[in-house]
């Protein structure tokens, strides 16, 4: 669609009036699970969200926020804030993560992009290093993608290639690492026959080497750095398959926690430390366990551990792992090209919009909501407000975060009558949930509920409508569980805390004095997801969504 006015014109909804102020509230990391002591949301004092849930069933339901519903390849893929807000804002499902990589590899587009060309500049004189998880688990990476990338890089001039292999045993069976390494070695041997110097250079188990997340334990990243960059590890081997077999014989050894090793030549010298002039690609497509290494590879003023030597390299991720931090700066596969977002449609149809969050989620109600696009569609009709997040502390220290400041600014925007839509993200249940501090997360959920209360009271005053939802689960389950759903314990008998997102559905609630009595959630969309939300709030503004949007969740019944 061009930018000519007619192309953007939305049809009026036959039964819903225009002109009501609509508040769209996203509670970050607020999933729905059975109440128990590890469900911070159910334990917390949340009278407002409770009342929405206990209200009319036609005004409260659950929707999917993970897997295929947000463009991720499998139903085992947890949703996250980026893909969640992409879906909420775009009203359609776009391929994300592994799917994007598959498409880019199949079409060869991966080799035409800026990211690959950047690493290719080092092929003539330097070594190409590939770091990532070697398995077919499909959660963080896939072996077939690595093998295609090896072949493609060799065909495009890579003369020296080194793989830094992390063993899995978490998304696949423990012990399967031997078979995966044999497959990889087989392909590297074929490349060697073609004259490419291609070898495994180092390795280690994913939970002990490199793949930590949420800055939980920088020692994990340091062990990887020492092996991959410095060529230093407690174990030296000439053959990677033998390395895994030997290290698995150690007491309590497993693929996940395999000790770091380096591969050495006949003189005992490491075959592949990362040096000046080399190229590095982290080939995991999933972000959460690559961000910390990306920081170590990319940041000049890095202070989390002593890197000893910081090689001048050309580094690219398989994808960009953090859209907010622009990390890494270069990547092989671009995020999805999302056009015609709900935000742009509404602005072009005269809907005056206010968007607000604090720093950690500000980009989610602006950049990601608008299809990975910065800036305003129309400065005269939009106002985006960023409230600075607390810095220099972990979020559990001040679990209220900026929930009340966000709510106050939003309340003032509603009462000013300058805006037709206010959209906010209240981050508490996600950001504090990631710290694993259950007590603080309970407090965080209460603060989020207090924020919702203030916004809904303002909507009440102006006769408006509200839509409250979430982008993915987190705070509703704070403990790791076995297959039966029972909490897992560590060696000392303490519960193992869960700090990640979940696969749980999220609530969506509608209401407010401006909502017509006949509006209710449809019963014929049992598997609705986040992408259905855009058409829903477009209806609340009195418009019909574009025909290719995911269907609305509401209908109007004549009383």
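Going from the start of the chain as shown, residues are counted 1 onward.
Yeah, the Cβs are placed from backbone N, Cα and C, and that goes for glycine too.
Note that TrEMBL annotation is computational and uncurated.
Now, the feature entries from TrEMBL:
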{"type": "DOMAIN", "residues": "20-544", "note": "domain 'Metalloenzyme'"}
{"type": "BINDING", "residues": "28, 81, 471, 472", "note": "Mn(2+) 2 binding site"}
{"type": "ACT_SITE", "residues": "81", "note": "active site, phosphoserine intermediate"}
{"type": "DOMAIN", "residues": "102-322", "note": "domain 'BPG-independent PGAM N-terminal'"}
{"type": "BINDING", "residues": "140, 170, 171, 206, 213, 286, 287, 288, 289, 361", "note": "substrate binding site"}
{"type": "BINDING", "residues": "430, 434, 501", "note": "Mn(2+) 1 binding site"}
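A 10 Å radius around the C-alpha of residue 430 (Mn(2+) 1 binding site) takes in these binding-site residues out of 28, 81, 140, 472, in sequence order: 28, 81, 472. Neighbour list (residue 28 (Mn(2+) 2 binding site), Cβ cut-off 8 Å, at least 6 residues apart, same chain): 81, 361, 364, 425, 426, 427, 428, 429, 430, 431, 470, 471, 472, 474.
Residue 287 (substrate binding site) and residue 501 (Mn(2+) 1 binding site) have their C-alpha atoms 13 Å apart, to the nearest angstrom. Listed binding-site residues: 171, 430, 471; maximum Cβ neighbour count within 10 Å falls on 471. Confidence over the domain 'Metalloenzyme' (20-544), given as mean pLDDT on the 0 to 100 scale, stands at 95. Around residue 501 (Mn(2+) 1 binding site), the same-chain residues at least 6 positions away in sequence with a Cβ under 8 Å from its Cβ are 29, 66, 78, 79, 80, 430, 472, 473, 474. Long-range C-beta contacts of residue 140 (substrate binding site), restricted to its own chain and to partners at least six residues apart, with a cutoff below 8 Å, comprise 132, 133, 171, 211, 284, 285, 286, 289, 290.
Taking the binding-site residues 213, 289, 434, 472 in turn, the residue surrounded by the fewest other Cβ atoms inside 10 Å of its Cβ turns out to be 213.
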